[in-house]
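J.: Please read through the structure below; I'll follow up with questions.
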Amino acid sequence: MCTIRCSAFTPYATAGVGAAAVLAFRNLRKLPVMDDSRLRAVSDVFPDTQYEDLLRLVLGTGTAKSDRTGTGTRSVFGHQLRYDLSTAFPLITTKKVHLKSIVYELLWFLRGDSNVAWLHEHGVSIWDEWADARGELGPVYGVQWRSWPTPDGAQIDQISEVLHTLRTNPDSRRMIVSAWNVADLDRMALAPCHALFQFYVADGKLSCQLYQRSADLFLGVPFNIASYALLTLMVAQQTELAPGDFIWTGGDCHIYDNHVEQVREQLDREPYPFPQLHLRPAPSLFDYEYSDVEVVGYQHHPAIKAPVAV
């Protein structure tokens with residue numbers, strides 16, 4: 001089995017955090033002030049807390065807002081998390097995250113599917129709340145990724161085009177995949193929350209940035225971080241590039257009012273270091289199977305249940 005080692009976060013990588021805040025972060029955890037060359041060594045020992053720090057930020061300073069579901073939220077606008085995939089896989093540890101659903105959903109997206117039947121065949125029901133009686137969701141993520149419709153009736157396979165560009169012109173600034181097709185929004189069971197992602201190559205390393213317009217921090221974001229980190233590692237393997245960073249950028253970053261107690265419970269827990277990911281090579285990006293993905297050393301706290309806002 002070929003192993004892709006996927007780094008835990010370095011303190012300087014927290015988006016929007018200046019030098020003073022970095023020093024305060026160190027003091028909070030009673031870490032010695034050190035030069036930049038030693039920061040990565042620290043990141044390999046101390047667990048990543050970027051996600052939990054964002055929960056604290058929204059819980060403490062978020063603005064009360066109404067929402068489409070009528071539940072109510074606390075929200076901040078604009079935040080970024082950065083994960084170095086070269087030495088660790090960003091699977092949140094302060095609660096158990098359901099890896100099986102993450103992997104199968106990603107494979108389902110890559111199939112270009114819009115019906116939950118295939119997910120059901122593999123015991124995954126995360127899309128059931130939005131599916132119609134036939135299991136259809138309309139032209140959601142996978143459809144847009146693999147068969148974006150053009151005015152002349154043709155279709156664009158955005159994923160295949162990005163793979164081609166990565167192999168032939170890795171310095172391109174156009175390696176973008178979008179699920180936000182304005183013409184199709186009304187036919188989607190749920191408008192894309194994670195709307196657009198872009199690949200970037202530097203020094204033989206592949207990085208990916210996701211823009212998530214609507215970020216359900218408790219239920220959705222841990223799932224989305226792991227899903228796109230896995231996609232980045234798959235694409236890196238297929239294009240013979242080393243893993244770089246996964247950057248998660250959130251627009252409306254919110255905690256639902258009926259998730260507040262669950263968030264407080266999660267924040268009472270100490271995070272563990274991230275696990276490793278082993279990825280068995282596949283003939284193409286579209287040939288990966290669930291058994292090709294193995295997460296090793298996932299130490300986590302128990303799962304915390306919460307209602308999904310539909």
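Here the Cβ of each residue, glycine as well, is placed from N, Cα and C on the backbone.
For reference, TrEMBL lists these features for the protein:
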DOMAIN    50-310  domain 'Thymidylate synthase/dCMP hydroxymethylase'
BINDING   R68, R173, R174, R213, S214, A215, D216, N224, H254, I255, Y256  dUMP binding site
BINDING   H98, D216, A309  (6R)-5,10-methylene-5,6,7,8-tetrahydrofolate binding site
ACT_SITE  C193  active site, nucleophile
ACT_SITE  C193  active site
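Locate each feature and note its surroundings.
T.: Taken residue by residue with DSSP, Y256 (dUMP binding site) is part of a strand.
Other C-beta atoms found within 10 angstroms of the C-beta of A309 ((6R)-5,10-methylene-5,6,7,8-tetrahydrofolate binding site) number 20, with every protein chain shown included. According to DSSP, A309 ((6R)-5,10-methylene-5,6,7,8-tetrahydrofolate binding site) sits in a coil region rather than a helix or strand.
Under 8 Å, Cβ to Cβ, and six or more positions away along its own chain, C193 (active site, nucleophile) finds Q212, R213, S214, A215, D216, G220, N224. Classification of C193 (active site, nucleophile) by DSSP places it in coil, neither helical nor stranded.
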J.: Where the distance is taken from Cα to Cα, which of the binding-site residues R68, R174, H254 turns out closest to H98 ((6R)-5,10-methylene-5,6,7,8-tetrahydrofolate binding site)?
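T.: With Cα distances computed to H98 ((6R)-5,10-methylene-5,6,7,8-tetrahydrofolate binding site), the winner among R68, R174, H254 is H254.
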J.: As a test of the contact definition, list every same-chain residue at least 6 positions from H254 (dUMP binding site) whose Cβ is closer than 8 Å to its Cβ.
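T.: Set apart from H254 (dUMP binding site) by at least 6 residues yet with Cβ under 8 Å, we have V58, G62, K65, D67, T73, R74, S75, V76, S214, A215, D216, L217.
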J.: Here are some binding-site residues: R68, H98, R174. Which one has the most Cβ atoms within 10 Å of its Cβ?
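T.: When each Cβ's neighbours within 10 Å are tallied, H98 leads.
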J.: Taking 10 A as the limit, how many CB atoms besides its own sit near the CB of Y256 (dUMP binding site)?
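T.: The answer is 23.
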J.: At 10 angstroms around each C-beta, which of the binding-site residues S214, D216 has the fewest other C-beta atoms nearby?
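T.: Candidates: the binding-site residues S214, D216. Fewest Cβ atoms within 10 Å: S214.
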